[in-house]
Amino acid sequence: MEHIYQYSWIIPFVTLPVPMLIGAGLLLFPAATKKLRRMWAFPSVFLLSIVMIFSIDLSIQQINSSFIYQYIWSWTINNDFSLEFGHLIDPLTSILSVLITTVGILVLFYSDNYMSHDQGYLRFFAYMSFFTTSMLGLVTSSNLIQIYIFWELVGVCSYLLIGFWFTRPIASNACQKAFVTNRVGDFGLLLGILGLYWITGSFEFRDLFKIFNNLIYNNQVNFLFVTLCAVLLFSGAIAKSAQFPLHVWLPDAMEGPTPISALIHAATMVAAGIFLVARLFPLFVIIPFIMNLIALIGIITVFLGATLALAQKDIKRSLAYSTMSQLGYMMLALGMGSYRAALFHLITHAYSKALLFLGSGSIIHSMEAILGYSPDKSQNMVLMGGLTKHIPITKTAFLLGTLSLCGIPPFACFWSKDEILNDSWLYSPIFAIIACFTAGLTAFYMFRVYLLTFDGHFNAHFQSYSGKKNSSFYSISLWGKEGSKMLNKNLRLLALLTMNNKERASFFWKNTYQIDGNVRNMTWPFITIQNFNTKRIFSYPHESDNTMLFPMLILVLFTLFIGAIGIPFNQFNQEGMLLDIDILSKLLTPSLNLLHQNPENSVDWYEFVTNATFSASIAFFGIFIASFLYKPVYSSLQNLNFFNSFAKKGPKRILWDKIINVIYNWSSNRGYIDAFYAISFIGGIRKLAELIHFFDKQIIDGTPNGVGVTSFFVGEGIKNVGSGRISFYLLFYLFYALIFLLIYYSVYKFII
């Protein structure tokens, strides 16, 4: 077993040859490299598969032996200072390594087909391979310096991949926004690392924790300064994991290709902040203030992300805000001290959200066959609907991922989210109420996405809904599905289904848009997609190829069964012996013994069923509300009396509409947080820059320039005096002598 750990340092560097070879090939043999570009997917997947096998083997060794291995190379600079580099293999490392490699392989396999038409195919695989190298280096780092180096490399890869289509201004702005926002957190992280080194004199985790605990126990350090360093360290995690208030970059990061959203912004990179807090958990756990701060930031992010997802029309941005909210659950769990629950939810959410992002990529891929390449259209749920019969496999996979994220048993996220909700009641009833309410919101907005995408009719073909000859309006619903059936004008339900063009959009029923007659009668062009020199012509969305469906089906299996590794109860065998089937707790045993007073994680059946019933009921209630509001209206017209009674509530209805509009505006405007940052920070910095520019030009440059100009004019004036006549020289001599005497007399009188 020792030799396995000894050679584990190679894990981050196995995939590094791929970007190097692609770069060398494009530099030396550009034509041949581009001609054989599809072959580069194989070495990317193959090398990452080797790392995956190695990581799984290490995880099995961790489960069987609970052994922590650390190997260090020391570089001595002088007698007082040396840099140490190495790798650390512990349960946290093995979990993240398996997660990165499994999701990474599936995403690369998926990307081979998804990006096959793109001119940047080679660049994409080079970036992705370099990202996996950076991420694996991050999780295997044995000290803070290595973590910071790979932390920055991960940020660079994210910048490159978000701005992959850099010719699009919106993508270019998005990658800059992500880069700058993360630099704020990274600067705090760097200051925290330096402050921690100043306190302990070490960057190595094991030495650092021991020294830090001794200093705190013996009261030999300024606790306020220690708390400040901890807050600075946590700021790096806030930015990287898109926690409030540095969350603003994540929705814009969806401008990159969809596969990177599945790998980077769902499963791995955004989880780096969770990993950092988990890695430094022995340090944070002895500082009550920082633990409370982590929990507070987590619960704010949980609720904020859920509310901002309510009104999104872009399917990827809806999933992005969902990711933000779920990362808040993980941060909340860490702040409460539920180390195991946080990592459990990290695992289950990664696979479920990767499935949802790949499913959204399949949806977008099918929509592009109709609408062409235009993210504003192909990602817009307004133009979707009725996709069940066109992409049934994608629909099934997306539904399973949605049910998992909603917290429906027995899917993966149910087990982890239920554990966090249960622990939140022990920590704070207020936090627990917010967390449970947000769990219902999660089920609501996720099923909203599902219904808007797959339910009802396909909305992209307006001519398919020409309706009756007297109908001149076609209504596209942003919040629900509206039928095309003609209703009696006397029905009061009509007020709920149609609105005047001049009216603003409400929460559930959106504006109707008048369609020009020429547009209604025009023939929509078919989109020809070339792939492997074959042509396919589509007039409706089509199912993706097998190379895109296969990774989704594998992720479906993970979504169904990965929750089994953390089932929090034990069973007895036929001989009456207690069987420990909680693999996750067994894997985390070394950490749990250090961080928890009571490592016993088993619960009885009654408690488990009671808690599970409560959390599942919340999820089902959210799904019911979403189904009630977003199912097609034409299927609900059988009970007009119910709808009419709902519509007759005059003042209450008006108040309800106002509340709904406030929520809609809050959600669609991103909680006004981006606008606040634009006005306060961006506008303030620009005003400050203008002031500095004015000071530089007018004061700094103006002073020497003014002296020079003044000297020039004085010299020109004196030049005219020098005419060569002695009488003028004597006159000026007497004049200057008189001025000197006056000054001397004034000073003398002042002194006397």
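In case you wondered, yes, glycine gets a Cβ from its N, Cα and C as well.
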Q | Annotated transmembrane segment segment (source Swiss-Prot; candidates 125-145, 671-691) | A | 125-145
Q. Between the transmembrane segment (549-569) and the transmembrane segment (185-205), are there three or more C-beta pairs closer than 8 Å, counting only pairs 6 or more apart along the chain?
A. no
Q: Considering only the recorded stretches 40-60, 280-300, 327-347, 728-748, state which has the highest number of Cβ pairs under 8 Å to the transmembrane segment (89-109).
A: 40-60
(Q) For the transmembrane segment (280-300), I need the partner stretch with the highest count of C-beta pairs below 8 angstroms, choosing only from 9-29, 40-60, 327-347. (A) 327-347
**Q.** Contact set, same chain, for the transmembrane segment (9-29): CB under 8 Å, 6 or more residues outside the stretch
**A.** 40, 43-44, 47-48, 50-51, 54-55, 71, 86-87, 97, 122-123, 125-127, 129-130, 132-134, 136-137, 140, 150
